[in-house]
Every structure is written in C-alpha cells, then in structure tokens.
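**Student:** Feature list, courtesy of TrEMBL:
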BINDING   157, 181, 183, 185, 266, 268  Mn(2+) binding site
C-alpha cells in the first residue's frame, strides 16, 4: 500500500474514532465516487460519439487505466504503470501502425477514456469491495458507448476480477478467457487478502463469469494452485511443456457459444530477458514473439482485454518493459478493432 493510501485510510479511521458520524463520511465518499464515474462516463460518451461521427466501427478498443497496486503481495509499482504505457504507445521511436496494419491514430481503432482515480477514491477511506465495484462500473460505462470495448491498463492483476465481472455482466453471459502469466493467480485468499492479485482468477471462476479459462506460460505454481486449477477446470499450459503445446496454442479458436473472448496478459508471462520491469521476476518464460503468435493467430471475438503487472520502478533506464507493454496494447488493439 502506498504511503498516501495508508495516510488516507488512517485519517478516516481517526475520524471514525473521533465519533464523526458515519453517514457524513459515507456521503462524502459517495460524492467522490459519483464524480469519478461521471468523468469516465462523459469521456466515454465523447469518444463513442467521435467514433460514430467518423462512420462507426464494428468494434473499437478504448483504453481505461486502473492504477491500482496495493493488492500486490510484493511490490506495488504497477500502480504507476498506465501513464508509462501511454507514453510508450505514442513514443516517437516507433510509428503508430500495428503489425497487422491498423492505424492507432484513427479513433475508430483506438480511443482513451482516461484512468479510474483509484488513489483519490482510496484516500477517502473507500474499502476494496466498493473500489472494485467502481472499477466494474467504469468498465460498463465504456461498454455502453457502442462500439467501444475496454482495453484496460493495470495496475496489478487484482483488477482483472472487477473488469471481467463487468464484461460478463454487461454482455449477459460467460466469456472464454485466455490468460498469459507466470502464475495462475488462483489462491483462495492469498495472505488473507480476498482481493489479492494472486487470487483474482479464483474470484472470476467462483463468480461463474468464464466458461473456459486457459492459462498459458505458467512456471510458478504451488500445490494449492494445482488444486484450484482442478477445482475450476482450468486448462493449464505450463512452460515446461510449451514446446509440445506450441502448435495448439498458436492456433486457438475461442468464444463460440459464449459472449466472446477476454484476454488477460500479465507482463511477467514473458521471460525477464524481454520484460525485466515486473514485480515477480520468473525466468524461463515466453518470448515476445511467442506471445504475439498466440495473439495474432487467435480466432475469436475479443470483447475486452487487459495488460497488467508492469512495474515501472523495476524497468530499465531506457524504458524497455514500458515499450514491451505498449506493444502488447497496440497488438491487442488491432485484434479488437474491426
């Protein structure tokens, strides 16, 4: 938890201890939450109107930042990732065209509705249960503006739970999930934290939001993780068998019979040679081209996606991992936009 976040929470605990009426505090929290949602709503509305005025699209990716890092079990630097990813997306060292030829400068391909003001909300003493609802509601506000689809910038991996919940609820059914990660993130409640970044996929599967969950790149998994995979029927693809599984994983077809496909990419799914700027460095991972081959060849309607766990505080001085995360966002944009 950040120093600012701790101060905010402790401040409101002191207010409660000083017999400040709970109703007064909650009223103020509600105003802050409503103001936060209003900003997302109006930005999404503006971007949706712009896309439709330009002739529309079947689907358009829209960036939504969720700068949340306090549910990380180790380092909390992912909270600082969204602006670094945006900066790298528009870095002058590369051009705004994806490998498949989509132009990112075209609003019908990519728009940006800004960030959920996570720290400002937490500074008002809002707990994680309510905060996760704000994240979910923000995603739904983006989805209300057809043809926008959420492409979420984390943040630690705890954000995937409220995002996927929102996507499933808004679409009215289950999705298939492609999850690239070094870890399965399916602990029941890691270190006692129900909303831990190491427990997000337990929450997702318990909620019934996914029909299929494919986890690719796994190379750090405990016995509890394996037991949870069995419990939830997870399709587990570990790095130790990747050479055998490669052909299948590079020709995936997902989403038939459900509401679509959701893609969640933890940057630590990549080998640290390609992405050193992560909190949990785990050697023996996917190459960047491995990941792109899986994404480029995926057949299915991607209704939402996230890129999480980039930690700028551990990146190289030249921002290597920021560029990697940005490239993932760019190529996911190309898969979403149509």
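Quick reminder: no glycine exception, Cβ is built from N, Cα and C everywhere.
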**Student:** Other than its own, how many Cβ atoms are within 10 Å of the Cβ belonging to residue 185 (Mn(2+) binding site)?
**Tutor:** 30
**Student:** Please determine which of the binding-site residues listed here (157, 183) has the lowest count of neighbouring CB atoms within 10 Å.
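**Tutor:** Relative to the other binding-site residues in 157, 183, 183 has the fewest Cβ atoms within 10 Å.
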**Student:** Excluding 157, 181, 183, 185, 266, 268, please set out which residues of the same chain place their CB within 8 Å of the center of the CB atoms of the Mn(2+) site, keeping sequence order.
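**Tutor:** Filtered neighbour residues, in order: 179, 182, 184, 197, 269, 280, 308, 309.
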**Student:** Once near-sequence residues are set aside, which residues in the chain of residue 181 (Mn(2+) binding site), 6 or more away, have Cβ atoms under 8 Å from its Cβ?
**Tutor:** 157, 215, 216, 217, 218, 264, 265, 266, 268, 269
**Student:** Using a 10 Å cut-off, grab the number of neighbouring Cβ atoms around the Cβ of residue 266 (Mn(2+) binding site), all chains included.
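**Tutor:** For residue 266 (Mn(2+) binding site), the count of other Cβ atoms within 10 Å is 27.
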